[in-house]
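Peer 1: What follows is a structure written as C-alpha cells; I'll ask about it next.
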Amino acid sequence: MEKSSIPLPGANAQVSSGEKNPHTKFYIPSLDGIRTLAFLLVFSSHAGLAKQIPGGFGVTVFFFLSGYLITTLLRREYDRNQTVDFKLFYLRRLLRIWPSFYLVLFIGTALTAFGLLGGEIYLPAFLSQTLHYANYYIIFTDVEGVAPGSWVYWSLAVEEHFYFLFPLLYLAFRKLRVSPRKQVLTILGLCLAVLVWRCILVLGFGVPSPRTFYATDTRVDGILFGCALAVHNNPILDAQHYSNKVWKYFFLPAGIILILFSLLYRSSDFQETFRYTVQGIGLYPIFFTAIRFPNWGLFAILNINWIRFIGLLSYSLYLVHYTAIVGVQLYLPQSNKFLQAGIALLISLGLAYIIYQFIESPIAKLRKKLSRA
C-alpha cells in the first residue's frame, strides 16, 4: 500500500490533508498569489511589453499550477474514498471552466460580428474555440476569424485535453498500487518523451515555432511537471525529504537560476525544445518552497489578501484581458501605451469581478457540494 498523506508539520492552521477530519478546510497557500504573478506576466506582455516581459512563461506557470492542483485533489479524493468518481470529477471541471468561458467567448464573438471590436468571425475558427481544439487550429491555419484577443484561449484547450486523459492514468496508478516514487518516475518519463518529441519535430523536421508552442503534444509536459510535484514529495501532504535550509538556500536558488537561463538563452532551437523542460524543472523547487514556507521572505507577499483575491479572479482575467486591451487600443489609439494598459487592466478587473460575483461564486457553491476532495 502507498504511504498515506500526512499533515504538514507546523503548517498554517488553514491547511490540512483532510485525513483526520474530512470537514477541515483545505487551502494550499501561495497558489493564488502565484496565479496573480502569472497573470501579470501575461497581461504585461500582451499590453505592449512582449520584448521585456516573458508572457509565455506566465502560461507555463499556469500549466504547472494546474497539474499540481488537480493531481493533489485527485490524490486526496483517492486517499479518502479509495477511488476517483470520474463523473463528479469531470462535472466539477466543466462547472469551473465552461460557464465563464462560453459567456466571454459568445459575448466577444457577438461584439466582433456587430463590428464593435474590429475583425471578422469565421465559422471554422469559432468552432475550434467552442470545441476546444483552437491550439491545433492556430498551428495549421492562423489566428484570424475569432474575436480579437480571444486566440489566447489556445492554452485552455491544452488544459482541457489534459483533464480528459490524466485522471485515468492517476487512477491506474492507485488501483495498481504503484508507489509514489514510481508514479513520479513514470510522469517524468512522459516529460522526457515530450522533450524528445519536440527535438524530433524541431531538429529533425524543422517545424515552425507555432507547432511546438501551441500543441498539446509538445506542451503537456508543463502540466505534467506539476503532477510530478503532487504525487511525490508534495509540499502540502508529505513529510519532506530534505531540510528547510536545503530547500530555501540550495534548491530554490537553483530553480531561479534555471528559469533565468531559460529566458535569457535565446537560441531558437533551445527555445523550442529544451526551454519548456528547463522551466518545468526550475518551477519544481519554486512551487515547493512557496507552498511549504508561505510566510518566509518574499513568499509572504503571495499571501497578502488583495494579491490572493486577484489570483481568485485570474481565470476570468485571462479570458477578458486581451480583448479589453484590443478594445482600448481600438477606441483610444492616440493614448500612451501605458495609459492604454492601465485602462485595459481596470476594465479587465471590473469584468472579472462581475463574472466572479455572478457566475463563478454561485457555481463554486455547487462544485463544493459535488466535491469529495
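For all residues, glycine too, the Cβ spot is worked out from N, Cα and C.
Below are the features I grabbed from TrEMBL:
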{"type": "DOMAIN", "residues": "29-356", "note": "domain 'Acyltransferase 3'"}
{"type": "TRANSMEM", "residues": "53-74", "note": "transmembrane segment"}
{"type": "TRANSMEM", "residues": "95-117", "note": "transmembrane segment"}
{"type": "TRANSMEM", "residues": "151-173", "note": "transmembrane segment"}
{"type": "TRANSMEM", "residues": "185-207", "note": "transmembrane segment"}
{"type": "TRANSMEM", "residues": "219-237", "note": "transmembrane segment"}
{"type": "TRANSMEM", "residues": "249-266", "note": "transmembrane segment"}
{"type": "TRANSMEM", "residues": "281-302", "note": "transmembrane segment"}
{"type": "TRANSMEM", "residues": "309-332", "note": "transmembrane segment"}
{"type": "TRANSMEM", "residues": "338-359", "note": "transmembrane segment"}
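Please situate the listed features within the shown structure.
Peer 2: Outside the transmembrane segment (185-207), and at least 6 residues removed from its termini, the chain residues within Cβ reach (under 8 Å) are 173, 178, 217-218, 220-221, 224-225, 227-228, 231, 269, 272-274, 276-277, 280.
Long-range contacts of the transmembrane segment (281-302) within the same chain, counting only residues at least 6 positions beyond its ends with a Cβ under 8 Å from a Cβ of the stretch, are 8, 12, 28-34, 36-37, 60-61, 64-65, 68, 225-226, 228-229, 233, 235-236, 240, 244, 247-248, 251-252, 254-259, 262, 308.
Only residues 6 or more beyond the boundaries of the transmembrane segment (309-332), in the same chain, are considered here, and those with a CB under 8 A from a CB of the stretch are 31-36, 38-39, 42-43, 46-47, 62, 96-97, 100-101, 104-105, 108, 117-118, 147-153, 339-341, 343-345, 347-349, 351-353, 355-356, 360.
Outside the transmembrane segment (338-359), and at least 6 residues removed from its termini, the chain residues within Cβ reach (under 8 Å) are 43-44, 47-48, 99-100, 103-104, 310, 312-313, 316-317, 319-321, 324-325, 327-329, 332.
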Peer 1: Output the single range from 53-74, 95-117, 219-237, 249-266 maximising the number of Cβ pairs under 8 Å to the transmembrane segment (151-173).
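Peer 2: Top-ranked stretch among 53-74, 95-117, 219-237, 249-266: 53-74.
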Peer 1: Could you tell me what the rest of the chain brings near the transmembrane segment (219-237), counting residues at least six beyond its ends with Cβ under 8 Å?
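Peer 2: Here the qualifying positions are 5-6, 8, 11, 15, 17, 28, 60, 63-72, 75-76, 158-159, 161-162, 166, 170, 173, 180-181, 183-184, 187-188, 190-191, 194-195, 212-213, 276-277, 279-281, 283-284, 287-289, 291-292.
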Peer 1: Using a Cβ cut-off of under 8 Å, list the residues of the same chain at least 6 residues beyond the transmembrane segment (95-117) that approach it.
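Peer 2: Answer is 126, 129-130, 146-150, 153, 156, 159-160, 315-316, 319-320, 323, 326-327, 330, 355, 359-360, 363, 366-367, 370.
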